[in-house]
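Asker: Before anything else, here's the structure in question.
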Amino acid sequence: MIVVTGAAGFIGSNLVKALNDMGRNDIIAVDDLTDGTKMFNLADCEIADYLDKDQFLEQIIAGEFDGKIEVIFHQGACSSTTEWDGKFMMSNNYEYSKTLLQFCDRTKCQYIYASSASVYGGSEKFIEQRDLEKPLNVYAYSKFLFDQYVRQQKPNCQVAGLRYFNVYGPREQHKGGMASVAFHFNNQLNANGICRLFEGVDGYENGQQLRDFVYVEDVVKVNLWLWQNSEVSGIFNCGTGQAQSFNDVANAVIAHHGKGAVEYIPFPDKLKGAYQSYTQADLTKLRAAGYTAEFKTVEQAVPEYLSWLATQHFIGE
């Protein structure tokens, strides 16, 4: 049996779909469907069962899944970087992750979990080492803290954490303001022909802030590779290894539609000091572990994503 937490979310649902494509339907999907629109992410997927995240945790603690689970892909978390309820974040992200790790350690179950590039905060280097980790918000701190916990353990199972950089692609529409800029630029262009980007900040020209934009399909491939290589443990960056600008994303959206323009808007005061103007994954450790697949560029993946979006109809549209 395979468990995917956050299964109705962005990366989790893409992972479930990819497992289906590999012929695996023996999947327990774990999530919180308070936002019922997330069910659309699983509507075309095959699963064995669905469990609410709290119910699943209770059954894990009670030992009801002992010896029954092959791997847990732990993608579930509150991923809002603007959420400042620290008590909620610690319970939902940190303590929950610890409980699942303790289960996997006890039952020798593989544990592959979502960390985040946000742990690097304002760092200018993105290498998996302690002196470069400077979280700027409580979400990032919750992820950082669990990575620290993992480092101090000596579990009897595979434990692999992936520090996701700026992931974009199908099945992210439920994320609202936290969805990718590719998603928002596409919506803006369809609405009024204009992609709105922030003006320059931190010494960057307008729209030239740089991020490591990584396509969700590639993120899923790394997760599956780790599952298939159970001897690999550790915390790894998961990005393309090549930063691209917000202008690059906007231009890819405009090129796909064959129309549109860019407008630069003032940088919000509330984000100053809590914003990463540059991220670029250092993939040295992931490559050294044996991962050889290439990652799609913005120019390659954005058209693929927008073609998928054009086939979808979402609630509220």
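Backbone N, Cα and C atoms are what each Cβ position is placed from, and that goes for glycine too.
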Asker: So Swiss-Prot lists Asn166, Gly177, His184, Phe198, Glu199, Gly200, Val201, Arg211 for substrate; which of Tyr94, Tyr96, Tyr275 goes with them?
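Answerer: That substrate site, as Swiss-Prot gives it, pairs Asn166, Gly177, His184, Phe198, Glu199, Gly200, Val201, Arg211 with Tyr275.
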Asker: Let me know the most crowded of the binding-site residues, choosing from Asp31, Glu199 and counting other Cβ atoms within 10 Å.
Answerer: Asp31
Asker: Please give me the CB contact count at 10 A for Ser79 (NADP(+) binding site), counting all chains in the structure.
Answerer: 21
Asker: Given the binding-site residues Phe10, Asp31, Ser79, Asn166, Lys175, His184, which lie within 10 A of Tyr139 (active site, proton acceptor) by CA-CA distance?
Answerer: Ser79
Asker: Measuring Cα to Cα, tell me the gap between Phe10 (NADP(+) binding site) and Asn166 (substrate binding site) in whole angstrom.
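Answerer: That separation, Cα to Cα, works out to 12 Å.
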